[in-house]
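Written out below as structure tokens is the structure these notes cover.
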């Protein structure tokens, strides 16, 4: 296991020990990370990864911790949060954003530079790294439609660039998950647009999101993938599960596809409620819901 002395001389690196991950997740649940690291440069991340490999320390990389549930026992070993790797650069019709850059901020950069095609992501509460990892999408758009390449690091510390076709994108899926890669940055190809029209479209999508989603409570976003031929929220509603509560977590009364932390809930509450919803929807409709949210850590 990596020691504090192994990390002291790495520049541009903030380290916290036994840090509750509930301080960083959108659900406000999650036990402690043994070691929580915030690299501010790619060089710091590379050196940190090398130290972890040399000491056989397990590594978990998180983006913005939005579509994620960390279990109450926390995560052993080293947890890396990429939020400080957040630079965004524009060159012509191309935007290159580091993994920790927030989607919302990247869409604002696109609008300011009269670039269209990224509006769909304006309300997704995640980072570029997490969005690429799961091919995030909303309102008919998804990352795979605009990504042209992705710079990644593997478990050995090797850095490479994957083309869009090499990403093997699917619905809420990419090769990043399959091969346990770390997203360093991504390039997006957009088109010239009118900044006023782009802003109007972003305002429209944000209004839809705010009117339909329970943004007033902590949540992990959309809990389930969309089943073929159905909408998860509608199936949950038809099973009369809106308002169903376990501990401090309930199926949102505003949007059945969300589970919200209304009263100091924990990850166990989330997992039990997810299991209950899957069971009841299956009984009611015959459809088996599949979680979209990523669940990690120890119980």
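All positions are counted from 1 along the displayed chain.
Even glycines carry a Cβ here, placed using N, Cα and C.
For 28-193, the entry in Swiss-Prot reads domain 'FAD-binding PCMH-type'. Averaged across the domain 'FAD-binding PCMH-type' (28-193), pLDDT in this predicted model comes to 97.
Long-range Cβ neighbours of residue 172 (active site) (same chain, at least 6 residues apart, Cβ-Cβ under 8 Å): 134, 135, 136, 137, 225, 292. The active site annotation in Swiss-Prot covers 172 (among others).
The annotation active site, proton donor is assigned in Swiss-Prot to 222. Within 10 Å of the C-beta atom of residue 222 (active site, proton donor) sit 22 other C-beta atoms, taking all shown protein chains into account.
The Cβ of residue 292 (active site) has 19 other Cβ atoms within 10 Å, all protein chains considered. Feature annotation from Swiss-Prot assigns active site to 292 (among others).
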